[in-house]
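J.: Take this structure, written in structure tokens, and hold onto it; I'll ask about it next.
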Amino acid sequence: MTLAKSLIVHACRMLLLTSFVALSGCASTIGEFPSEPAPKKVSNLTEGYRLEPGNRVRIIVFEEPNLSGDFSLDSVGNIALPLAGNIPASGLTARETGKRIEDVLRRNALLLNPSVSVEIQTFKPFYVMGEVRQPGEFPYTTGLTVLSAIARAGGYDYRARQSEVVLVRPQGEEQKLYRADEFTPIMPGDIVKVLERRY
């Protein structure tokens with residue numbers, strides 16, 4: 001990814017976070033808080049996660065080590081696979097990406113009957129905002145909860161209302177707000193907002 005494109009991606013992320021902070025700040029001021037509890041279980045990330053630029057994947061082409069390896073999606077969501085060229089993968093699941101690679105290898109007469117598996121190595125980051133010591137963006141790893149997310153952000157600030165946490169979860173083009181506790185599981189792209197304590 002070029003420096004200019006990296007700066008654009010960073011600027012977009014910061015704009016998203018700034019907008020959320022402004023909106024959530026207004027909500028906490030007037031005492032609004034999501035009534036719907038966050039889901040206690042998360043879906044299988046490998047099954048449902050859709051790739052986007054910057055994600056890293058491990059591609060295994062059966063009995064073809066020269067075509068196998070770790071690859072990153074470029075700024076437009078392509079995977080540059082040896083011999084096969086650029087393969088669009090943004091918006092696809094790992095399984096769909098494997099099928100697409102098989103189709104390309106077969107169509108280009110590179111392999112007669114290819115068998116491809118795709119493993120996701122890195123996911124979309126998550127964000128922790130509000131009354132924590134080090135708010136910001138953090139790399140996602142499986143098994144995260146609200147508590148472990150807050151720990152990565154340096155823990156609660158002294159002003160934190162620890163009993164009430166807002167979880168913002170992307171759903172397509174929209175965002176869903178939930179009431180969360182410290183044991184709520186985190187998904188890639190989630191925003192954890194720790195509210196200020198009422199005095």
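Note that Cβ sites are derived from N, Cα and C of the backbone, with glycine treated the same way.
Those TrEMBL annotations? Automatic predictions, nothing curated.
Residues annotated as signal peptide in TrEMBL: 1-24. Taken from TrEMBL, the feature domain 'Polysaccharide export protein N-terminal' applies to 46-120. Feature annotation from TrEMBL assigns domain 'Soluble ligand binding' to 126-173.
Each of these features: where is it, how hidden is it, and who are its neighbours?
T.: Across the domain 'Polysaccharide export protein N-terminal' (46-120), mean pLDDT in this model comes to 94.
Residues in the domain 'Soluble ligand binding' (126-173) partition by DSSP class (helix H, G, I; strand E, B; coil) as 7 helix, 23 strand, 18 coil.
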J.: Within the domain 'Polysaccharide export protein N-terminal' (46-120), how many residues are helix, strand or coil going by DSSP?
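T.: Taking the domain 'Polysaccharide export protein N-terminal' (46-120) as a whole: 20 helix, 23 strand, 32 coil.
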